[in-house]
Amino acid sequence: MFALWDGFTDYLHTFLFGIYPYICAGVFFIGSLIRFDRDQYTWRSGSSQLLRARQFRWGSNLFHLGILFIFFGHLVGLLTPHSLYEHFITVQQKQMLAIAAGGVAGAICFVGLTLLLHRRLFDERIRRTSTAIDIAILALLWVQLSLGIITLPFSIGHRDGGMMLQLSAWAQHIVTFRGGAAEYVRGADFVFQLHMVMGMTLFLLTPFSRLVHIFSAPVWYLGRNWQIVRRRGGATTRPGPVAAPHARAAE
C-alpha cells in the first residue's frame, strides 16, 4: 500500500514539475496565437475604469507596478546562470536582495490587486459586466500573490541560497529542454511547490482570459512622436491644400 502511494506521489511530482510546464507553455503560446488569429475583437483588457475610476486608477497603477517588477525579477533571478553573477554578488546576498525587493514589490502589488478584486466583487455594476473567468483570474492572481508573500519567511530560512539555486536549476532545465528538472525541486517546501504550480496554471489560462493583453502592452507609446493637435498661437495644420471659395464657385 505504501509502495503504491510512494509510486503515485513520485509520478505526480514528475508530472507537475517535469511535464506540466511544457503543457502550460504549449497552451500559452499556441492558444494565444489561435485566439489572436480567430477572435481579435476579444483581445483586450476590457477596462471598467468608467464605472469606478478612482479605485481603479489606484488599484491598477499599484498592481501593474508591482507585478511588472515581480515578473521580471523572477525572470532574471531564475534564468540567470550562477556563473554570470558569482564574481559580483554572493548567493547569500542575491537571496537577501530578492527577499527585500520582492517583499516591497509584493506588498505594492497586493494592495493594488486587493483594490481591483474588491471593486470587481462588491460593485454591482462592475460585477454585472464581469465574466466568470474575469473574477476567477483575479482571485487566482490574489491567491498566487499571497502564496508568494507567504514564501518570504521560508526564503529567510534558506539564507544560504541553496533553495534559490535549486529553483533556478529547475527553471533553467525546463527552458533549455533538459531532462531531470523535477528532481531539483523534490525537496522544496510545499509552499514553494504550490506557488510554482499556481504560476504555471496562470500561464495555462492566459489564452482563455483577458490576460492576453500582456502581448499588446503599448510600450511603443514611449518612443513615438508627439501628436500635434494645436500649435502655439492657435494655428493648426491641415493634411493638404484647401481650395479657395471662389475656386469652388467657378467649378
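Numbering starts at 1 and runs along the chain as it is shown here.
Note: Cβ is positioned from N, Cα and C throughout, glycine not excepted.
These numbers come from a predicted model, not from an experiment.
The transmembrane segment annotation in TrEMBL covers 12-36, 56-76, 96-117, 137-156, 202-222. According to TrEMBL, the feature domain 'NarG-like' maps to 13-232. For His64, His74, His195, His213, the entry in TrEMBL reads heme b binding site.
Across the binding-site residues listed here (His64, His74, His195, His213), the residue whose Cβ sits among the most other Cβ atoms within 10 Å is His195. Nonlocal intrachain contacts for the transmembrane segment (56-76), taken as residues 6+ away from its ends with a CB within less than 8 angstroms of a stretch CB, comprise 47-49, 98, 101-102, 105-116, 119, 148.
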